[in-house]
Structures are given as structure tokens and as C-alpha cells.
Number of protein chains: 6
Amino acid sequence: MFLHRQELQHAAKPDAPDAVYARKLQEVLGGQYGEITVALQYQFQGWNMHMPGKYRDLVFGIGAEEMGHVEMLAVMIAQLLEKSPLGITEDAVQSDPTVAAVVGGTDVQQGIVAGAGARPVDSNGNPWSGSYITASGNLLADFTANANAEMQGRLQVARLYHMTDDHGVRDLLAFLLARDTMHQNQWLAAAEELKSEGIEELPVPSNFPLAKEDREVSYQYLNFSDGAAARDGSWASGPTPDGKGEFTYHDGPTTTAPMPAPTHPDARFYGTTDVPNTVERIAGAAQDRLHRE
Amino acid sequence: MFLHRQELQHAAKPDAPDAVYARKLQEVLGGQYGEITVALQYQFQGWNMHMPGKYRDLVFGIGAEEMGHVEMLAVMIAQLLEKSPLGITEDAVQSDPTVAAVVGGTDVQQGIVAGAGARPVDSNGNPWSGSYITASGNLLADFTANANAEMQGRLQVARLYHMTDDHGVRDLLAFLLARDTMHQNQWLAAAEELKSEGIEELPVPSNFPLAKEDREVSYQYLNFSDGAAARDGSWASGPTPDGKGEFTYHDGPTTTAPMPAPTHPDARFYGTTDVPNTVERIAGAAQDRLHRE
Amino acid sequence: MFLHRQELQHAAKPDAPDAVYARKLQEVLGGQYGEITVALQYQFQGWNMHMPGKYRDLVFGIGAEEMGHVEMLAVMIAQLLEKSPLGITEDAVQSDPTVAAVVGGTDVQQGIVAGAGARPVDSNGNPWSGSYITASGNLLADFTANANAEMQGRLQVARLYHMTDDHGVRDLLAFLLARDTMHQNQWLAAAEELKSEGIEELPVPSNFPLAKEDREVSYQYLNFSDGAAARDGSWASGPTPDGKGEFTYHDGPTTTAPMPAPTHPDARFYGTTDVPNTVERIAGAAQDRLHRE
Amino acid sequence: MFLHRQELQHAAKPDAPDAVYARKLQEVLGGQYGEITVALQYQFQGWNMHMPGKYRDLVFGIGAEEMGHVEMLAVMIAQLLEKSPLGITEDAVQSDPTVAAVVGGTDVQQGIVAGAGARPVDSNGNPWSGSYITASGNLLADFTANANAEMQGRLQVARLYHMTDDHGVRDLLAFLLARDTMHQNQWLAAAEELKSEGIEELPVPSNFPLAKEDREVSYQYLNFSDGAAARDGSWASGPTPDGKGEFTYHDGPTTTAPMPAPTHPDARFYGTTDVPNTVERIAGAAQDRLHRE
Amino acid sequence: MFLHRQELQHAAKPDAPDAVYARKLQEVLGGQYGEITVALQYQFQGWNMHMPGKYRDLVFGIGAEEMGHVEMLAVMIAQLLEKSPLGITEDAVQSDPTVAAVVGGTDVQQGIVAGAGARPVDSNGNPWSGSYITASGNLLADFTANANAEMQGRLQVARLYHMTDDHGVRDLLAFLLARDTMHQNQWLAAAEELKSEGIEELPVPSNFPLAKEDREVSYQYLNFSDGAAARDGSWASGPTPDGKGEFTYHDGPTTTAPMPAPTHPDARFYGTTDVPNTVERIAGAAQDRLHRE
Amino acid sequence: MFLHRQELQHAAKPDAPDAVYARKLQEVLGGQYGEITVALQYQFQGWNMHMPGKYRDLVFGIGAEEMGHVEMLAVMIAQLLEKSPLGITEDAVQSDPTVAAVVGGTDVQQGIVAGAGARPVDSNGNPWSGSYITASGNLLADFTANANAEMQGRLQVARLYHMTDDHGVRDLLAFLLARDTMHQNQWLAAAEELKSEGIEELPVPSNFPLAKEDREVSYQYLNFSDGAAARDGSWASGPTPDGKGEFTYHDGPTTTAPMPAPTHPDARFYGTTDVPNTVERIAGAAQDRLHRE
């Protein structure tokens, strides 16, 4: 259950409108690694979680905060669009090149569709998609996904920070950067805690019986490109992070198998084959099928 | 530049066709965390990389291997579909319930569209999307994304392992599981190497000037849900993984700000306001705009 | 700002697991008119709203409730999937036709991807999309969109009600049906209130200067099909709902204009034209462009 | 069956080309509420309709008109693009800022992909999607969807009207505005007619047995935000639009239920649980499954 | 302009309902190569065409026919769904395996969303997308696209023919197969006519100055796989179809170039480089940018 | 199996960075007819092929080359973005209109998301989609699709050639144009070879029994528009390309059938009908269903 409070976690007020920047800010609202993604990702992880306690409290606690971040960005964008011009005459462009920049740099749907408002899309206008979310039920995998999401998110906010001089915007971004710092740290700490408590370990999923895996190739670095430098990495020799093996280095594959023969499905799929698909063969297939079934 | 060799890294031959399983296997071919994703993700990371050497060789070396994994899954799926029935008469269903299962469990587009062939889609038929890829230019962020992709991928293959008894299929999955074990280990090792070499560190991006971030809230756990257990985690007290702070725990937000006032964009966006949008006001706005521009 | 409470607005507990129904229920969680849609739609309307007061409180008040409905459905789906089988052997299908139904009727990604969990997708596995949302800034238009969303949603829940005999599920659906009844009524009441207060009226947007519209055809019913019965409707004669005209009925268009001549863009777009695109013409176009620019 | 006539319902001829505006106009051709949407929406409603007569004639009659609107916009866009420049040299930009505006404001795919032509996409280049359509089989719900579509569409055209000074373009938009006025009125009249004829009424669907709905909460306004003003609306007290109840106002939920316990699906989904997923437990699950099935 | 007539080009009446087949038929209504695609593809080609006369009449003449094919399929699907069951109890499945097949094989959205109606989606429920359409302005390219669309379409209809025994359905498919035969022939004839009239020729676009192309490699077959058989094809030696060269065969590339050096964008993108991104370097970049700009 | 070599087939080095052009070039990397499409399309055709030998070698041989083209374009784009500015101050725009062009013309996600890198998207930022691929199993259909893809691709590259003056970029495009010339020729030659070898012929699929098709309308040109010129084409009279008939010309349809009666699905779908959906009728339907099933 969610309760909404009509205040923000941090001020979200630009010094001045900036329709071009309003488009850019959409990325961290409705992009692949925007706030809608993390808000829903953490909540889905909570709803699907298979145990009560601190890990579930953790995803619920942060998930709700992220919904509030969506809100801060949305109201910020609406204010950045407040003086967004509708139409641009050629005269206006001639007398002020800034107007030309606005023409091209604006998300035109923020105007035409939302009437100078924020939208659930990224900075290129792609609608937010449920396919951005990761919630697998395996917490070590998912906390790694979360750590990645916070890293990508902080990276994007850092880039956006340099794309404006507006103090109000930068003030909000400074806040979001700090929260992303927290969340990166938190997910990495939580991933370590899972391991130290023996709830999950590497390789994920750790309780798949290793004996059923083709252990021969579990720690081989296979170099399918022709660069020689990868041999120097810690992934090419020495103990593996899961503590269960030793890396070895190999140029190219250590195993091969022949390509299987081409398939010959039912003739009535009308695929092209070297066995002519005559009417007779098709009739035969029909017969054959009745028997097969 | 890529060269293709008409052999496989491992045998990909089922004991028997199984049209229902052919659909399920699409997930790890064309799904969010399928082989197309990692193949293209690693290659894009290579093409965008900002330094030569072992890290670039690494993404190129693995990226090409993953393209071969796409191929093994595709030819496996084509063979699983080899006896895929076109049509099911009611009589057939009555006499054999297995047929009923096939009716519903099959990806109908594998038949109607691909003529009993593999497709670049997931197990629900959603086409593979470029939005699945992560390649940010920041290697610590991206190697974390890669580690996550290999964890999610291995998890899905492990689940798929239990969904079939076919020895040929299980044999291929055992091989893929082992390679995912390797790749999980490898990306985690590479992420550690980046840090140990001082090329990148936490929080990502590490060289964004911390002084510009709102450090007050950089290590605060803020609990926006009402569970009490999250206080017990290592993310709520003690030193932070980035080595730059101490976690603290707080119930709810430590900062707040008022909601900003509603915006009043140009009247010709025809938004609903408490200031009536009279024709006069619209004409006024038009006037105003000419001057503003 | 959003706060999460670890309780639900209504019990969400099935009598028994049902993996097939778990897929169907995804429609009202992550479909076009599912709970994610209304939750985010109302909140975006609030963030973009151009006046404070009762209308903004209204969208915020309901938006947060709908987020809680997403949660109830998600935890319900997770429970319906609790006994979801991973693998189905042929023997099992032979001995129990119900298993055959489960094979085909299940969302395979709920298993392979989410590990028996809810997902942000519809009942065919299409990921939820930001394009489902409507938030235009014009409240009469948006409240009509909201009324539609609640009607479509209640209709889908009513259909789903008949697709299960599970008392726990039906109990939750009965609650959701009642809330959809409320919300339909509420948005229609709010739309009326906007009109009675003179804030907005028909046709939306009402303050676009009617004199600029081609009033000749503003109330003509033009019949582009050959059925004769549409003439009998209240849309074909009598006063119009906006109170500003009289409907008239016409067979086919009352106006026509010739098709404009085909375009001849720059020859270097290599479109096919009756004016041969010779190398000379292309060179000419290049010259011409330099001058035009 | 559809017949095409090579003339238009209204002139669609711009005074002058304008590549930037050609992009904006894509919104009402191929956007969420563009003409392709209404054309196909009304026709699908007709094909799925469950009774002959005036309502079916209505959707067919208007659906075909809307296909002609798609055509008018497409030929208008092609003409707006007629002088669209292919390439812009830096010199050209330096000498004329208008060129700079064109660079950014143009839909580059209109040039590269369509050779200066219209495309089935919105103003941000998102392809038109079948998910924009609503055709539920329930006419009161669908006519409300139609009324909304016409409101949103007229709003967008009104905004676009102010984004150009071209008389030819404005002339076409004035015509489209008038037709949208008609269609808004018409769908609202048709919705009223359904109710007055007793074919359908509120709440949609009206013949779902109200006794099966949780009537306790059918007319409660539940305020999940902390604003106090929503209490003043006509949705918080007084009779409800469906004529079957009285609105009441409540702060927050009137009902609650505990969160259900976390699920424990089959161990072979490898979800993280507090019950360790040992190899033994997995083997046990496999055993168990054989018996359950 | 389009006019609708309430009759069909051919009977569209199944002998009996079949909810599973109704799903399959969606492929040729709303799939990549379904009737919506060709209907809109031909019309967009007409709206964008750069010359009047027989080619434009051709695309308009067929485009309108295809809209009628959409209609025939939609009403056929609605009838196939007429007895579609809402709910399936476990008892029903036990007593009749056909019911089990229906459970899994049905498009659940046809029921839940459309109330037993046709939808603008393919047989896996993916919404139709504007990205399926090809209309480039170059007629030889586009008529080749059209010929392909008709081939893929006829292939799918042929497969669907064998998936049912219903005489009414087969009767309609026999009609559609014949029209696809016509349309394949017609587009190939039209492509030949373009060439014989000298309006366009191979390679498309033929008037791009060949001298600007790297003619060295214009007719080389480069074998990037290790199969030897491709050398035997007519594409490996002899005159080329465009009449302007001779095919030659080569194992692997005939040209190579070194990989360019990695890029070093502005330090404030926070990409990982071998040049440490110190705060100093970032400040330097900021300085530098001011000067560059 | 794929092996990667760290060199390119042709130099991919621009004379100078150009962030606006970097966006445009995305079209032929990640668009509908970009290099990712052909690379994966040819490979999927190979994996699904139903016979060994020259045709399979052909698709494998070219498919791998196209993967290398993806790489050349990606590294070219990364270099074009090398000096891409992060932020643009208003001062900078005022002093240099070129900057204004850059603001609008750039793909902002190349900066914010990829840190000045290439992305798997088209020139409007739409992610590459698996739905772009065609691999039906029927080679004559698929080689026609391939010929079309190469035509559309060469057309787009030709247009892009004129959008830049950069010699390095044009040099790469000249190479790609030549390879597209080769590939157009090659697929057309391969299509002819299939026919001359009798493996497949027109109409595709040729072995569908023509007697089952409605031959009456197999070669009729039906003019559903009112233009008269289409009668003059070679598609309106004379022998058909498949050598099996004679074209005839007809104004409008030669066959018609009445619209079928509206459907009356189960009352519990709550569709609107002229038969009132009373509670009684719904109860009746429930009864009826039990018996039907």
C-alpha cells in the first residue's frame, strides 16, 4: 500500500525554463535506467520475494523512495517547459540563433501531446518499457542488476550535470547523485551479505548441481578475437572469484562439433529443400501425419 | 571483422523433436538476457571503448564466442521443430492429450512465419530489442552489467535444464552453464582489476567531483516502507563499500521541500487552469510571445 | 513523495495455485488498461497540472491507491504461481490432461525469467509501455480518458471474474470491481464539475477560437459507408451536446478537393519520377541547392 | 469493402515547404491519437460489433472518413518536405541560422528512409502501434474511448495550429478541427443514446451482477494523498452519476489486510529463500513433483 | 478519400467456431506481412509518389483492396471466436482434452480485452507496428519489397490452409491465395516495366553516379564463411544481373584496414580510459570546451 | 562459430568529428534496413535452411561480412562523436549558429547513455528490433526479401552520401555502396538460379496445389481506386510472370458476398448487443456453457 505526501524529498525548482534541457532530463525519468525503472524494479523484486525480513524490507524501502524521485523529475521538467514556445516563425529564428537551437532540441511531444508537460519516455521519446525491469527471484543476481542500474543511473546524472548551468537543476542533480552513491554502496553491501550469510553464492545460481555442468570449460578463457592482451588479465590465470577453480587461457575454442544436418520439416511448410516438394510428397506428408499423430 | 566457420563449439543435437521446448529455448536465444544480447552488448562495448589493450581484447574475445552461442541455440531450435505438426484436427487431440499440450505450448510463429525455424524473439514471441543492450563507455558500470547478464542468463539456463529430459538438449545446456560460470567469474575479476589498477573505482563514475554531490545524504539509508528489519543489514551501519563513508539508518526522509507551484505555460497549449483561458488571454499570449522571442 | 506500508487494501490470497490464471491476471496488472497504467496516468496528470486544489488532490489521491492495486495483483500472481511446474514430461501429460492445459496456458516467462513471479507485462507477455498513458494538460480531455480507462478496466475484471472459481481470487476481483465502479463515477462527476464551473467545456479545447475552425462542417454527420441506419441516431439531427449547433446528416462528403500534384524533391533522394534522374539533373540539383541555401 | 477515390475531402496544399513542421504534423497522422488510430479503431469496433443497425453504421461511416484524413495529412507532409535539404554544410549554417533550426528540427528518417515522404510514425519517430486501439465489444466503454480520442486529437491539432503561419496548412487544420468538433459531439450523443435506450448503462459493464461486487467500497472516495481539497468535489458527497449510490469521503483506506507470506516455489527455480536450496532439497522437489503430477 | 461498402469481396464465414484457429489467423491480419501491412504500405507509396499515372493508380488500386482483406479476416476471426469459452473449470478439462488445447492455444487477449473479437496484433499478440512498412520513394526498390510481402504473405496463408479443416475458412484462404498469386505477378511485372521504360534500373538507385562507388569491389563474391560450395553459384562468376559487370569469387576479404585508435571524448562523459580522468583533467576539458566553442 | 579479427574490411576514419552526422549514420547501422538487420537475417536463414550446399554457404558467407559492416559503422560513429560537446551554454549558441544546429541535430542518447558512442538504434533513436528480420524457410521468398533489403540499404547510403562532405566518411560509404551493388546482384542471381534449377518457382510457394486456390481471380487486376491509368500497365493484360496465366483488367471487385451477421458471444463477455444482457441471460449462458463443455 502506498501513501502520497504532497511534498518532495528535495527542492525541484529551476532558476529558469529551458525546453531543450527538459528533453534531456527525460532520460533519467523514463529511460532504460531512469527512476521509473528502479522504482518498479525494486517493488517487483519485493512482491516476488521468497522470504520475509531485511532483504524484503530493503527493496520496499528503496522502491518507494524512487517513486518520489520520479515525481521530483517530473515536476522539474514541467517547470523547465513553462515558457516553452509553441510556434517559431522564421523571423524569430533569424533574429536569435538560440531559438533555432530550441526548435531542434526540444521534444516536440512534450508540447503537442503533453501541453508542456513531462512524459513517461526517454530523451529520444521512446516510451518506457516493462522490458527494462529485472526481477528474477534470485537475490544475488538481482542485487547485481540493481548495483548496475544505480551505476548507469549515476553516470547519466553526472553527464547531465555538465549539460546545464542552472543552479536549481544542478542542486537537484547533486541530491540525486548522492542518493545514487548510497544505492550503489547499499546493493553491493547487500550482495556481500547474501554471500556471507550463505544464502546465495557464486556462480549464480549456486545450488545448481555443479556436477551437471560441463566443468571442463567452466574456467577457460577462450579468445575468439585475435588480440593478445587479454592473456594478461586476472581472468586468464589464477584463482576464480567463486573460489572453485583456476582460470586458464586458450586461443580460440577448446572444443568443436560438426554443424548438424539441415532439417526437413513437414513439406506443407513449403520450405525450400533439395528434396523436391512435389504435390505427391505433400500428400504423403499429410498421410504420414495422420499416422504419426 | 568476423569470419564464420561451419562447425559449432559444442554439439547441438536433440534426441527427439519437441516443439513446446523449442519455444522455451527462444528465451535464451532472443530474450532480454539471451545470447543475442550478450553478443551485441560486448561488441558495442568494444567498438565504443576508449582505450586499447586487455579490456578491449576481452570484450571482443567473448563477444564473438557469444555469436556462436546464438548459432548453437538456433540450430538446436530448428531441430526441435523438425516434426512440428502444422495442423491439429479435433480427432487427434481427442486420441492423444499430448497433442493438446503441443497446440497451446508452441510458438505459432515458429510455424506460420519461420516454417519450423528459430526466430529472433523471446519465449513469448517479443522481438529482440536494441534496448536490452548496455554499453555506457564506463567499464566498471558495464562490467557490472555484464556480470548481471551472465548471472541472469545462467539462472534461466538452469531453469530450462529442468524443463526437459532430452539428453542432447541437456548436454548443450550443461556446456552453456559452464560458459556462464566462466563469464560470471571473468567479469567480476575484470571489475576488480579495474579498481585495483586505479582506472575506475566506486562510486561510479568515481571522478565526478564528490564535492559537487550532496554529501549529506550520500550514505543514509532512508526507509520509505514500514518494515523494521532493514535496519539490521550491513547497508544500515558500518563502513561503505566505496571506503569513503559510514552508513546511517533513518526512518523516512531526512530532508523535505514543498511541492513547487503549478506551471502556467502559454495559453495556446489549452491546458486547464484556474486562470480562465479566454480568447483575450490567448491573444495576449501571442503578443507576449512575439516580444519574448 | 511516496510512503509504503507493508499491508494491503484488501486480502489477496488465492485458495489454490493456478498457473494458467496467473497469466490471465497479468492483463489487469500490466496491460493497456491495467493498474500500472492508471497509477502512472493519474500521477503524471498531477505532476503536469496547471492549478492547485481539488482536481490535483483528486489525481494524487487516486494515483497512490492504484499503485497499491498493482501490488495486490502482483502478490496474488506470485501465489497463483507457487506450485507452477517447471518441467512437464510426456508421461505426465498422458496421465492427466490438465497438465496439457497448463503447458500451453502458462506465461512461460513467469517461470523462466521471473522464477514463478509476477511481471510488468500483459496477458500475452507484451511489456507495459509508457505509450499507454494519457496526460495532456487539458482536464476535460484527461478525465474522459480516465473514465474510459476505468470502464475498460472494470470490463476486463468482470470477464476475468468468470474465468476462475477460486474464492480468494474472486474476492479480490469483487473488491477491484467496486473500486472501478467508484472511479468511473468519480471521473464522470469530475468532468461534469469542470463544465459546471466553467473551467472547460465542449468542444475540447473550448477556448480555441471557434471562428478559426471551419464551422461549415462542425456538425455534419458524413456517411462514408453505405448503411442507412446511422441517419436514425441522435448524432444525425437535433441539438449537439456542446450546445452550440444542430446535427445534420449527409451521404458522403459535402466538400471535395483535387489530389495535389506529386512532389519532386531533390533528385539526390533518388525517388522515382517521370523526370529522369540523370546524373546531369543531380548535378543541377546540387548547384541549385547551394543557391537556395 | 473499401473503394478509393483520387480526390480529397479538403484541400491539403501548403503555401510553402517546411521540413520542421512536416515532422510535427506526423503526430496527428501516426501518433497515439492520430488519424491512423481513429480510422482503425472505429473499423475494428465495427468488425467486432455484436448487433447490426445504427451503431454499426456509425462506426463504419466515420471509420472510412478517417482513412481519408490519414491521406490528407500524408500528402500534406510530402509537400511540406518537397524542398527538404539533404545535406547541410557548415557554411550554410553559418550564413543562415534558419538552416540550423532545420538541421535539428527535421525528422531525419523522412529524408533518409522515405526520400522526403510521410511515414507511419509520430512526431518523435515512434512507429504507429496496434496497442493504441481500443475495441472492447462494449459500446459505452468504446464510445467513451472514442470521445476521448477526438478530444485529445482536437487538442493536438489546436496546438499545431499555432505552430505555423502557413495559410494552406492552417486551412486544412481548421477543417480537421471542425470534424473533431463533430466527432466529439457525435460520440457523446451516441453514448447518451445507448443509455437512454437501456442497451448499456453505468457502471460499465452494467449487467455484471452488482451483488457480486464488494458494494461496501463502491462509492467511497479514499484519499491516499495528504491534500484536503478533494473533499470539496462532487465526487466526495452527493448522488453518484450511475444513480445507484451516494459518494462518501474517507482519509486513506477503509479496509486493510496483511501482506501474504512470501511464496516458496519449486526449488529448481533457484530463487533465494531462507530455506536453503540445497542439492538435497532440489532432489526432493523433483521427487515431489513426480508425485504431484 | 475512401468509401466503405457493407459487403465483402468474398464470403468470410466459418463452418464452426474455433478459438485456437482464431489466434493463428491473426498473423495474416496483423503480423509483419499481414493485410494491414500491405494495405498501408501501398497507400503510403501512393501518397509519397513522385509522378502521376499508372504506377500511382496501381498502388492506390491495390491498397484499397487490401483494406477490404483486413475486414474479411477480422469478421472471420470474430466468428471463429463466437463460442469462445470464458472460463475453463478443471472438471471440463478432465472430461475433454480438446478443452485443454483451447486453454493454451487461445489468444487470451481476444477474450479479456476484445470480448471475443479480432485485434490489430499478430498470432503471438505483438501489436501491429508502423515499422513493418516500406515506402522509400524509389519504385524499383519498393515494388521488390511489395513482391516479397506478397510472397511471404502467400506462404503464410498456404501454411494456415493446412492448419484447419473448416471449409468456410479454407474457402476464404483459397481466395486470398489467388489474390496473392495475382499480386506477386503484378509487382514483378511492374518492376520489369520500370526497367523496360528506363525509369529505374539496377543497381537501385541506378542514377547514383557509379564513379563515386568503390567499383573495385562491386562484383566480388567475398566468402566470409568456410563453405566451398558458394563458388558454384551464378553469383560467383559470369555476367551480373545489372548488366554492368562480371562476378568474381574470393575467399575472405580482398581489402583490409587497421582498426582506428580508440576515441577520447570529453572527460566529463566519464568514460574509462588509460588517461586517468582526474578532476584536473575534467576541469581542463571544461576550459577547453569554452575555447573550442 | 564466429572468429573476430581486429581489423576492418575498409578504412572507417572521418576527417573530422560531426555529432549531427553521427546520428544520421545510425540509420544504416541499427535501422530497419541497417547492417544489423542483414547480418542477422542472412544468418537466421542459414540456421533454418533445409538443405546443405551452395545456398547455405551463400547466406553464411555474406552474413559474416555484414557483421563486419556493423563494426565499421560503429567505430565510425564513435569517432564522429569524439568531440561531441556535453553542454551548450546560451552564450555559445549566440556566438556560433553551428552550435545551435548541433544542439538539435544530435542524438542525445549517444551522449547521455553511451558517453559519445554508437548505439543499436536507428537515426530517430528507435532500438533495433527482431521484427525487422525475414527468414521464412522458403528461399525464393527470402532471396527476394534480401534483394529488397540491399536495395533499400543502398538507397539510404546514397542519400547519406550527399549529407556530408567529409572525405573519410564518403570513402567508407563508397565502399558500402559497392558492396550493396554486389549484394543486390547476387540475390537476384540466386533467385534466378533457384528457378532455373526447378527448386522453387512462381508463385511462391509454387508447390501449393494450384487446384486448391480460387483460380478464377488469380490473374485479375481489380481496380479499387478511380484512376484509369493502371489499365495501361503490363499487369493488366498479357502473360503473367509465373507463365501460368493471362492478366485481365476489371474496375472494382468481380466477386462480392454479404457481410456476415454480427456475432453473439457468451453474455459474460459483456459486449453490447440488441439482445439485452440481463442477469438471467448471463446465468443462462453459464448453464449452457457447462453443457457445451
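Cβ atoms are placed via backbone N, Cα and C, with glycine included.
Automatic prediction, not curation, is the source of TrEMBL annotations.
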Given that TrEMBL annotates E:GLU35, E:HIS69, E:GLU150 as binding Mn(2+) 1, state which candidate in E:HIS4, E:HIS10, E:HIS183 belongs to that site as well.
E:HIS183
Roughly how many Å lie between the Cα atoms of E:GLU150 (Mn(2+) 1 binding site) and E:GLU66 (Mn(2+) 2 binding site), rounded to a whole value?
11
Cα-Cα distance linking E:GLU66 (Mn(2+) 2 binding site) and E:GLY227 (Ca(2+) binding site), given in Å to the nearest integer:
42
What does DSSP call E:GLU150 (Mn(2+) 1 binding site) in the simple three-state scheme?
helix
Compute the C-alpha separation of E:SER225 (Ca(2+) binding site) from E:GLU35 (Mn(2+) 1 binding site), stating it in Å without decimals.
37
Which ones are near E:GLU66 (Mn(2+) 2 binding site): of the binding-site residues E:GLU35, E:ASP57, E:ASN223, which have a Cα within 10 Å?
E:GLU35
Rounded to the nearest Å, what's the C-alpha distance separating E:HIS69 (Mn(2+) 1 binding site) and E:ASP57 (Ca(2+) binding site)? Just drop the number here, would you?
19
Among E:HIS69, E:HIS183, all listed as binding-site residues, which has the most CB atoms within 10 Å of its CB?
E:HIS69
Using Cβ atoms and a cut-off of under 8 Å, determine which of the binding-site residues E:ASP57, E:SER225, E:GLY227 neighbour chain B, and list them by sequence position, or give 'none'.
E:SER225, E:GLY227
Around the Mn(2+) 1 site formed by E:GLU35, E:HIS69, E:GLU150, E:HIS183, which additional residues qualify by having Cβ within 8 Å of the site's Cβ center?
E:VAL38, E:ALA39, E:ILE62, E:GLU65, E:GLU66, E:ALA149, E:GLY153, E:LEU176, E:ARG179, E:ASP180
Looking only at Cβ atoms, how many others are within 10 Å of the one on E:GLU35 (Mn(2+) 1 binding site)?
23
Given the binding-site residues E:GLU35, E:HIS69, E:HIS183, which pass a C-beta cutoff of under 8 Å against chain F? Sequence order please.
none
Judged by the number of other CB atoms within 10 angstroms, which among E:ASP57, E:GLU150 is the least packed of the binding-site residues?
E:ASP57
Can you count helix, strand and coil residues in the region 'Disordered' (E:231-276) using DSSP?
5 helix, 10 strand, 31 coil
Quick one: pull the CA-CA distance for E:ASP57 (Ca(2+) binding site) versus E:GLU35 (Mn(2+) 1 binding site), whole Å only.
19
Provide, as an integer number of angstrom, the distance between the C-alpha atoms of E:HIS183 (Mn(2+) 1 binding site) and E:ASN223 (Ca(2+) binding site).
35
